[in-house]
Amino acid sequence: MAREQLEVLTALDIAKTQLYHFTAIVIAGMGFFTDAYDLFCISLVTKLLGRIYYHVDGAPSPGTLPPNVSAAVNGVALCGTLAGQLFFGWLGDKMGRKRVYGITLMIMVMCSIASGLSPGSEPKAVIATLCFFRFWLGFGIGGDYPLSATIMSEYANKKTRGAFIAAVFAMQGFGILAGGVVAIIVSAAFNAKFNAPDYETNAVASTVSQADYVWRIILMFGAIPAGLTYYWRMKMPETARYTALVAKNAKQAAADMSKVLNVEIQEEEAKVEKITMGERNSFGLFSKQFLHRHGLHLLGTTSTWFLLDIAFYSSNLFQKDVFSAIGWIPAAKTMNAIEEVHKIAKAQTLIALCSTVPGYWFTVAFIDHMGRFAIQLMGFFFMTVFMFALAIPYHHWTLKKNRIGFVVMYAFTFFFANFGPNSTTFVVPAEIFPARLRSTCHGISAAAGKAGAIVGAFGFLYAAQNQDKNKTDAGYPPGIGVKNSLIVLGVINFLGMLFTFLVPESKGKSLEEMSGENEEEYETAPSDSRTVPV
């Protein structure tokens, strides 16, 4: 039986959509804009790094990053993100969402700038410092996941909560798009100013010394949107759910939300004490009660996010390799170094514009109508279908006349990833766990996703290599090829569809209904073994 809800939480649940909702979306969303920009812009410049720092005189093709270096550059930020999600998720429940929120943003600003300033002219020095700062950049990005999701879920009303949380996450799409646009502009400007011959014509002259500025500018640009939102993050009040249910300060919760909602709200200190002191609202993460009430939920959110990110990040980080494999991007030796950045950026921007960004906003539009479960199941299903449709007749797609068809099919996998599990795996963990554990559990779920991203980033790098050892990239052992890699990703998407059945539907329910925090306590009457409410 549900007990009477706190007035301040009821006011939030039934509040009409108003300016403060959109303000919160923008403030939290700009963090995710920066997150996506910083995580994915590295894929735009890895080939350039190879040309600059790993050129081999007399080689028939431009220099490329050695396998271990490429794995480190692509994956180190994901390792930092995983650590940040666990640490800041836990800290957000201990210290409060707002107090930790500004810390993550400042880490992101400082490390974005530091990544671009990575000193040295020797390859080892530049790559080592780049990886160091990108790890800590990822650490700050990791904190943004649980904090932004939790803050938005605790500010939102019941009716449109899914759309608000999804809108915050949808800013990732604009971040990915911005990365491509910035790379296009910077590379076009440098190529016009320092026009160089292609590699086949003059290998040394094809990489001008000024190309070193291109990747640095692209990486440093990520500091700008993060820095612009720092002041507004510090102005946001702490969420009422944290203040009332975790900090147990009914007076402050009522005062904060009275200002936000422009209504008079009672303090209800006695009711807060009764709710927070009950056994249902005091068990910890490592307890039998949590395992009984939320164990399967946590397994569902972690497993689906893990599986989704294997497919999503391997596809996103290595789009350039897939496009090169099918011949959509010209052979590297037919371009100069900056021109190659331009071509890769245009290809990835086109995919982002036509599939990634629309997919996110389809979720925003439909999540509170279709529900989280239906969208996630549908997304995994179509990702599976399109992966197999690409993989099984793979030779057909490599023929020049069919390349556009391949790109269209590939784009659909991104569309249904974002109008599907890439959005819902972010939304659901912010809704179904108790307030005192919400940020922690979201951080654990997100960290499981980043573990999948690391598997995808490192695994796909090797797996996608040609099975013929004479056709692999320099330094790489033979892999299973792009075709078999796509089949593996299809199987992973199918498993994600199965694990989705562990995740509950939270559409239209309050956070306290989902977590069980507003249920009556029961104890057994000694005389007749009846249960009575406390």
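We count from 1, first residue shown onward.
Each Cβ is built from the backbone N, Cα and C atoms, and glycine gets one as well.
Feature annotations, reproduced from TrEMBL:
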| type | residues | note |
| --- | --- | --- |
| COMPBIAS | 514-523 | compositional bias 'Acidic residues' |
| DOMAIN | 24-508 | domain 'Major facilitator superfamily (MFS) profile' |
| REGION | 510-534 | region 'Disordered' |
| TRANSMEM | 20-49 | transmembrane segment |
| TRANSMEM | 69-88 | transmembrane segment |
| TRANSMEM | 100-119 | transmembrane segment |
| TRANSMEM | 163-190 | transmembrane segment |
| TRANSMEM | 213-232 | transmembrane segment |
| TRANSMEM | 350-367 | transmembrane segment |
| TRANSMEM | 373-392 | transmembrane segment |
| TRANSMEM | 404-423 | transmembrane segment |
| TRANSMEM | 443-464 | transmembrane segment |
| TRANSMEM | 485-504 | transmembrane segment |
Cβ-Cβ under 8 Å with the transmembrane segment (373-392): same-chain residues at least 6 beyond its ends: 304, 308, 311, 363, 366-367, 406, 409-410, 412-413, 416-425, 428, 483-484, 486-487, 489-490, 493-494, 496-497, 500, 503-505
The domain 'Major facilitator superfamily (MFS) profile' (24-508) [mean pLDDT, rounded to integer]: 87
Most Cβ pairs under 8 Å with the transmembrane segment (404-423), selected from 20-49, 163-190, 213-232, 350-367: 350-367
Tertiary contacts of the transmembrane segment (485-504) (same chain, 6+ residues out, Cβ under 8 Å): 296-297, 299-301, 303-304, 307-308, 310-311, 314-315, 372-373, 376-377, 380-381, 383-384, 387-388, 390-392, 394, 421, 428, 432, 460, 463-464, 479, 514
Contact call for the transmembrane segment (163-190) against the transmembrane segment (350-367), three or more Cβ pairs under 8 Å: yes
Intrachain residues whose Cβ lies under 8 Å of the transmembrane segment (350-367), provided they are six or more past its termini: 162-163, 166-167, 169-170, 172-174, 176-177, 180, 319, 375, 407, 410-412, 414-420, 422-424, 427, 507
